Structures are given as structure tokens and as C-alpha cells.
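Trainee: The following block contains the structure, expressed as C-alpha cells.
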Amino acid sequence: PTLSLPLSNLVRNKDSLKTLITHFKYLHTKSATCLVDNRSWMFGSRERKNGQVSQREIPVGQVTAANMCTNSSSDDKISWLWSVYNETKKQTQDLIPVISNNFVNPDTIFANNETSLQDIEIYGFDYDYTLAFYSSHLHTLIFNIARDILIQEHRYPEGLRKYEYIPNFVIRGLHYDVQKALLMKIDAFHYIQLGTVYRGLNPVPDKEVSAMYEGSHVPLEIMSDFYGKSSHGQTMKQFMDIFSLPEMTLLSCVNDYFMKHNIDYEPVHLYKDVKEAIGDVHVRGIMYRAVEADIEKYICYGEQTHAVLRKLSRNGKKMFLITNSPFDFVDRGMNYIVGKDWRDLFDVVIVQADKPGFFNDRRKPFRRVTDKGVLLWDRIHHLEKGQIYKQGNLYEFLRLTGWRGSKVLYFGDHIYSDLADLTLKHGWRTGAIIPELRKEIKIMNAEEYVHTMTWLQALTGLLEQMQVHRDSESQTVIQQWIDEREDMRLRTKDIFNAQFGSLFRTYHNPTYFSRRLSRFADIYMASLSCLLNYDLQHTFYPRRTPLQHESPIWPEQTSAGAMNIPFQSHRINTGSE
């Protein structure tokens, strides 16, 4: 809901509000029941009597018995339906220029839960895809190495070498049915988005999907577990990590090869072998060595991580780093991004933390690591600035630092491994880094998307109201509208990704990814650099998104941060900035 078209932005000035209300009444009125001779509607308007709002009809144009739609013949009714359609489309087209002038700023920080930076004393960070952003070359590297491991060590066919990494084939947040070898997108209500189910590199027909799952609903007992994993009898795995993009692509390519060559295989074994091969790329340090050897190729410096850390330091904020990556890899990257003095900015640095186990397992103690990677055996009584620590657990971290509750804000890209336990069990504030936001917002701001979505919404409202006409002639017309609506829904999906659509929506519903994002992240943004657009006293307010039974227009929904207003116009300059 927080990513819907920003119609609320239209209420920021009197003229826009007047235009919006005029069109809104037309598109959503329940009392418009017939056509008048100048093709205008009878609008239901509100009249206040004795302090109460009552409904009354205001005739627009002259209404006569001869042109009342309720008495029309079949041909007249069909003509009437199409005239309503055409008038609705015209009114929608008039609305589009107003909407187009209110695009969303991709550098906005979006709030799921009210969060004030004034209350935050301690800032924590993951490393990969939070402090360090990687180029697409890294996904190609991971794919190629894992593919070669399958061939050389798991005895997979040599023909797999012909497969290369396919950028933009998959998106984050997809589910994989381990037993059926199907990759798919599921919405917040556990329904499969038909048209997004793939076996290998090819879509599975909707009828086949419905037959396999006895519909499109995925029961809770076979969904992935809390961390998105396939365990304890669950057959679904959810891919939430950005690093999982090459893993999904490799699974799809191997499945494609086996099917094309009519090779009988066990999907469970394939899934486990690919998972192990991808894991080896990390565990064996192959990826780390490759990135360190050509750091300029793989790390994107342009995300202004350095500026964010310096800003927080100048304002007296404490900072810590908790990452699953090894120290040498982090040190090399941070030297490149921040400089050799990067450790001076952090009060605590923890590497190879083994998240999400770090947040739940009380047994693992901290262990100090020297600059050369030597593990020391002494007991840890304090977490000292400038030192490097390995493993440990959050309970010991809380005991040694005293950093508890909502004064701590932790940023990470993995909604489960980085954020879920912190917000559910420990009350920390959480910030999700979602790099895909920039691309999706750019698409939503485009004229093609605005035009399509505005008409799609209007046509849906028209279908909702006109479905009461059950005669065969009317239903024939309405079916044409339904077909047009379905075509537009497919086109809007393809605008984002031809195979799986938007990361955040399955047509009109939020995705399963969106549902988890809204639950586990207080705020979310495209990158840490978005923090540079706000002072450290700023409060992020979530939009009051109307519930289904509430009025669709709330003046307080207007979000200055998300509108087309330069940030400089509403930033507060402080001496410490």
C-alpha cells in the first residue's frame, strides 16, 4: 500500500485538490445510474443538514424519461455502457497530467513505522549491500564459479558451460518449490501470481500450475520457514538475499538443460547441489579473493557510504558493524570506500557473525582477531574500539555494550537475517536497504506507467459498478473490459521484469516480500546515501493509507519527502552538518 500511486500528493494545493475531487467523484460515485442527454452523470454529493451529512442527487444536464437507461433496449444499453466507458476514459485522461506532475523522489526514506532520528544514539550496519554495493560483475562471477563447481566436483554435464549468467531474469523475493523445481512469485496472501511460474527458463501454463497446486494458493505448511528456508518438511525456499540472484539463475539454467536433453533427475538433489556450490563460492573464499584482486571492478564507490559515516561521527553517534563476511574482505573494501582509518569510525566491529544465528544462539562467545587474522583465546570482558571480534552472539553483545531498545537503529539488506529478530525480539529500530527501489520508482514515475495505472484503476472501478448488469448483452461488453484490464495488468508486470514483474506487487496485492518488509523494517530506502538528505532530528512518518472501508482521500497523506520538491527546500541546516 505504501508504494501505490501518490494521489495524495495532489491535495497539497487548492487547485489540485479541486481537480482531484471532481474526477474522483466521477470515477467512484455510487449514485451515477443513468446517462443524460449531454452525456454527463448524476453525481451523488454531500449536503450537511443539522450537522449530519446526507446524500442528494445533483442533476448535470437535463434528464428525461426518454433517455433513462433503465428503460433502454438492449442496443441502447450496449451503447450506454460504451458511452460510460468512453466518458470514464476521457475523465481519466484529463486526470493524468495532474498525477504526472507528482512523481516520487527515489532518494526518499520511506517509513512503515514512525521513527525519529532524534531518538537514535547508536547506528549499526551490515556490510554487504549496506555499506558496500557491488556491480553486476559480481553476480556473473558467482554464477560462473558455481557452475564450474557443479561440473568439476558434482559431475554435472559439460554442456552446462554454454550457459551464461542472465541479468534481470529473476528478482529478489521469489519462492522455489524444491520438489517440483518451480520458481515463482507469491503474494502476501500466499497466492501464486499466475504467469510468473517458471520451470527452467520457460513459463509454466496457468492450467498446469492450477492442477499441480489445486488452485493458486500455497498452504502454510509447505511455505518456507521463518527465515525463508526449506526445512522441517517445507518444500518452498524463499530467496531474500541479493546474493541469491545468481543462485536462482543457475537453478533455472540447470533445470533448462536437463529438460531440453530429456535427462531424468531428482529436483531435490539439484537444489542441494546448487546451494552447496553457491555456498562454496563464499565459504572457500573464492569470491572474496576475486573481489580483493580487482576491487574497482566489483565495488561501486558512488553510494556515498563515506559521507554518511562521517556525518554520523561528527554528530557524536556511536556506530558498530556486524557482518558475516571475513575481516580481510571487509578491511580491503572499507579501505577502498572510506580509507585506512575506517575502524576509527566504529565503536565495535564484528566479523563472521553467522547471522541470523548470531541473534538467537546464546552459546557462541566472542573471539578477538588480530590484524593478521590470528584468533586469540582470551576471555572477552569488554568490546573495545579499534579491535576486531569474531562470532559471538547478540545477548552477549547487549550485556557488554548496554545498547538496547529503540535508541539503536540497524541497517541491513536481508529482511530475515538482518532485521527480523532485532525488531521482534529486541526492540531495535531497523532500516532495510533495498537497491531495487531506485529502478522501480523510476519506472513508476514514467509517463507510460502513470497513464496505464490510472486507466487500470478507473477501469477496475467501472467494472465493479457495472457488473450488476447481468443480461447477456451487457456481460459481453463487460467481458471485453475484463480482457482489457487483464492485458493492462500483464503489461504493467512486464514493465518491471518480463518474467516476474515488480519486487513489491503481484498485480494489485503486495508481494510476500513486501509483507515481510513492512513487518520487519521501520524504514526502508534505496541506499544509505538517502540519509544525507535529512538532518539527524528528522522524524519519518508513515502515510496514513486508507483501509478498504475508509475514505480514499486523506489530506494528511501528503508526504513532502516523497514529492517532487528539492530536498534543499525542506532540509534544516545545522552547524554540525
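Glycine is treated like the rest: Cβ placed from N, Cα and C.
All annotation found in TrEMBL is predicted automatically rather than curated by experts.
I grabbed these lines from TrEMBL:
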ACT_SITE  Asp126  active site, nucleophile
BINDING   Asp126, Asp413  Mg(2+) binding site
ACT_SITE  Asp128  active site, proton donor
BINDING   Asp128  GMP binding site
Trainee: Would you mind checking how many other C-beta atoms are within 10 angstroms of the C-beta on Asp413 (Mg(2+) binding site)?
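Mentor: There are 23 such Cβ atoms around Asp413 (Mg(2+) binding site).
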Trainee: What Cα-Cα separation, expressed in whole Å, is found between Asp128 (active site, proton donor) and Asp413 (Mg(2+) binding site)?
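Mentor: Answer for this pair: 8 Å between alpha carbons.
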Trainee: Using CB atoms and a 10 A radius, I'd like the single residue among the active-site residues Asp126, Asp128 with the highest neighbour count.
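Mentor: The most densely surrounded of these active-site residues is Asp126.
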Trainee: Rounded to a whole number, how many Å is the Cα of Asp126 (active site, nucleophile) away from the Cα of Asp413 (Mg(2+) binding site)?
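Mentor: Each residue's Cα considered, Asp126 (active site, nucleophile) and Asp413 (Mg(2+) binding site) end up 8 Å apart.
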